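Enquirer: Feature list, courtesy of TrEMBL:
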type	residues	note
ACT_SITE	GLU265	active site, proton donor
ACT_SITE	ASP398	active site
ACT_SITE	GLU507	active site, proton donor
ACT_SITE	GLU532	active site
BINDING	THR618	Ca(2+) binding site
COMPBIAS	60-70	compositional bias 'Polar residues'
COMPBIAS	71-87	compositional bias 'Basic and acidic residues'
COMPBIAS	89-101	compositional bias 'Polar residues'
COMPBIAS	112-125	compositional bias 'Basic and acidic residues'
COMPBIAS	127-139	compositional bias 'Polar residues'
DISULFID	CYS461-CYS493	disulfide bond
REGION	60-140	region 'Disordered'
TRANSMEM	22-42	transmembrane segment
Amino acid sequence: MVFRKLPGVSASGMGLRLSQKFVFLIFLSGLVTLCFGALFFLPDSVRLKRIFLSKTETQPVTVGSGSGSENDAREHLKRPKEQDHPRAMTSTKGDTSTKLKSLSRKPAVSREATEERLAGGRAQEDLTLSRSKTESATVPDSDANWDTFSYDKFRRCLLKPPLGRDGGRPSDPKTTERRDKVKEMMKFAWDNYKRYAWGKNELRPLTRNGHIGNMFGECGLRGASIIDSLDTLYIMGLMDEYNDAKQWVQSSLDLNSNGEASLFEVNIRYVGGLLSAYYLTGEELFKTKAVELGEKLLPAFNTPTGIPRGVINLGSGTSWSWGWASAGSSILAEFGTLHLEFVHLTELSSNPIYTEKVMNIRKLLNKIEKPHGLYPNFLSPVSGNWVQHHVSIGGLGDSFYEYLIKSYLMSDKTDDDAKMMYYSALEAIEANLVQKSPGGLTYMAEWRGGILDHKMGHLACFSGGMIGIGADDGAPEKRQHYLDLAAEITHTCHESYTRSATKLGPEAFRFDSGAEATATRLSDRYYILRPEVIESYMYMWRLTHDPKYREWGWEAVEALEEHCRVESGFSGIRDVYTMTVSHDNMQQSFFLSETLKYLYLLFSDDDLLPLEDWVFNTEAHPLPIIPANTDVKGC
């Protein structure tokens, strides 16, 4: 049978007959099928899939664009880019009169020396998990070769064992006795929680039952006190209690709850608590749960600007703004307090989407105009504009500023964008909010459209420690100034304690109408076991070793024991100015996570969770500094 020649094919033999083409096409299709079958089904093909698929299936996040559907977010596999900027230089030391201790990481030491130091710690070796190699807090280059996360390598990169040579035990008997007392308080609080509220979020010590709480929804997450306590129990050496908590996480922590939850609270308490438990112990269970929960938070970012809404249903992925938030806005302290945890989620999952989400927030904040350089507390997730010009270093704003300086420190001082944002904000705060009372007390006022409200909240008392840990990396000529400012604010917050009958500080105190560091409104007189003042004591002790900070901390211990300890736990009180105490019947989870942990660290040697290796998230969960310029062979 003879086929007719196709048009355009010469008779000289340069063309192919149809039968030959048919055979050739069959051969070619078979070859393509074989190649793609190898690509998708042979072992170790994940990286090849990403090379071919990432450019077509994903799009970079840009300011002002939507972030895609929930499924798009969870399946986002675009590889990040490497850093363009070199590792930041260690800041110049001040003169010899400066009492500030440097927080800069020391030069890398040999692997043998590091392993020798780790011999005194509780390192769990030979645990290799999946990790991305991110060299700073910004989104790296998509051509980078990501290596897997090695827990063994991570421990070698630490400058010191996390728990010190002897668990941070101080050398002098007096301090040891005080630390042991704090440990006893933790065991007492935990034992009563376990006895009366196990699996619930918090203990009601007077009625001896559990509390669920609306921040996690009536049908939301459970066990907040358990997750918040994991690292505290571990560093205190309460191993039976820690193992009970770990077993509950393994058997009972349900992340598929179908109720409303605060994005902010879930991130700082649950994600932060699980991450720190993983980094301290190497238990893969905690890493797996943290990444799983992180994925469930991503739909909250599905807004026109990428600014997340404050409330999310973890089961359905639906998100919305708080009903009390002005004009459906998102809160600065909520969407600005994600960076530390999300960068570590990228580290552990090798998925850059977490870092991209928080970097997108940064881009928008850098783009929009800030009144007098200040960051108002309410921002529309739809328009990306400020909703009200209310500025506070206390509630609604506080931890946004904390996470700027801590992002810089956690990046091994390579995140120059965070550094710039922090010191610019601090300059604006000093120029507009920092005030001096007639009695000589330095405080942070609130700013409402240009009018100062001379009130400082207990929540704002964290700022003494924040300014202290940032003093070493500002302009060299301002190092001592920042350290002095940190000490003055911490002193003012201590005064708010000493001027009350119970020696515990109120929720907010004022500096007007003749009042100084005193609550003048009945609604501000309560104390709910908050940690912020003690947090600043701990940081200022670490930075200066001035013994007054330990004395102030012990005053707080005595006051807690006298006024907040009840038969079945610890409770907040309704009025710090009366010795006839009325308890609020709530043992907050942050009392176990923050207040008692900061007290324990205050009375421990500095090698327990040293600041050269660790930063604390706003719930006091320690997260490791990510070393710059490491290689796959180790530090």
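Cβ atoms are placed via backbone N, Cα and C, with glycine included.
Keep in mind that this is a model prediction, so the values were computed, not measured.
In terms of burial and nearby residues, how do these features look in this structure?
Expert: Residue density at GLU265 (active site, proton donor): 22 other Cβ atoms are found within 10 A of its Cβ, drawing on all protein chains shown.
Other Cβ atoms within 10 Å of the Cβ of ASP398 (active site) number 26 in total over all chains.
With a 10 A radius on its CB, GLU507 (active site, proton donor) counts 20 other CB atoms from all the protein chains.
Taking Cβ-Cβ distances under 8 Å and a sequence gap of 6 or more within the same chain, the neighbours of GLU532 (active site) are HIS458, LEU459, ALA460, CYS461, PHE462, CYS493.
Listed in sequence order, the residues of the same chain lying 6 or more apart from THR618 (Ca(2+) binding site) and placing their CB within less than 8 Å of its CB are ILE268, THR337, ASP398, SER399, GLU402, TYR403, PHE462.
CYS461 (disulfide bond) counts 31 other C-beta atoms within 10 Å of its own C-beta, drawing on all protein chains shown.
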Enquirer: Provide the number of Cβ atoms within 10 Å of the Cβ of CYS493 (disulfide bond), excluding the reference atom itself.
Expert: 28
Enquirer: Could you state the whole-number distance in Å separating the C-alpha atoms of GLU265 (active site, proton donor) and GLU507 (active site, proton donor)?
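Expert: Here the two Cα atoms are 19 Å apart.
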